[in-house]
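Here is the structure we will look at, set down as structure tokens.
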Amino acid sequence: MKYYYYWLAVFVFVVDYLSKKWIEHSVTLGEQKHVIGDFFVITSVRNKGAAFSILQNQRLFFVAITIVVVVGIIWYILKIRNSGRALLLAGLGMVLGGALGNFLERALYGQVVDFLQFTFGSYVFPIFNLADSGIFVGVVLILLDAFITSKKENGDSNDRKERDGQDELNGQQGTQFIQ
């Protein structure tokens, strides 16, 4: 599908936006709805910072950084869109959608709606939203692409070295007969 990476960005953005609006209208601030015991809880909170609520009340900073990141992602997508690197493009699309999802709320309201809470044993993971999930999955896809590309390049490099070594060996064998 042509421009699938932009469609992924739109999908992440729309699903994130709709989920946040649903939370705002269905769950009061601070309320918890246990979905799967204590493991998965919908908890309505507002985050004025970044991931895990760091850098609280830095609205202008986050708006500026997000604009730079979004422009950078779009520039990079335009640069590599014909490279055949589907995982990288999908990852960039997901990061783009997540960044735009959080950007919209941060720019308009100075905060984002977070609501997904998971508990693993005694560890309660910081509350996040679907835009954060899109960014996380996008980064995983980007790293997976980097790993696969690195393996291919190393494999190609080793194949070239092996061929070059074999050519060199063949050349030496030929000169032995001449001497």
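Glycine is treated like the rest: Cβ placed from N, Cα and C.
Annotated features in TrEMBL:
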- 60-78: transmembrane segment (TRANSMEM)
- 85-103: transmembrane segment (TRANSMEM)
- D114: active site (ACT_SITE)
- 123-144: transmembrane segment (TRANSMEM)
- D132: active site (ACT_SITE)
- 153-166: compositional bias 'Basic and acidic residues' (COMPBIAS)
- 153-179: region 'Disordered' (REGION)
- 169-179: compositional bias 'Polar residues' (COMPBIAS)
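According to its DSSP assignment, D114 (active site) is in a strand. Among residues of the same chain six or more beyond the transmembrane segment (85-103), those with a C-beta under 8 A of the stretch's C-beta atoms are 4-13, 16-17, 20, 62-63, 66-67, 69-70, 73-74, 76-77, 112, 129-142, 144-146, 148-149. Sequence-distant neighbours of the transmembrane segment (60-78) (same chain, 6+ residues past either end, Cβ-Cβ under 8 Å): 5-6, 50, 89, 92-93, 95-96, 99-100, 102-103, 106-107. Distance from the CA of D114 (active site) to the CA of D132 (active site) is 9 Å.
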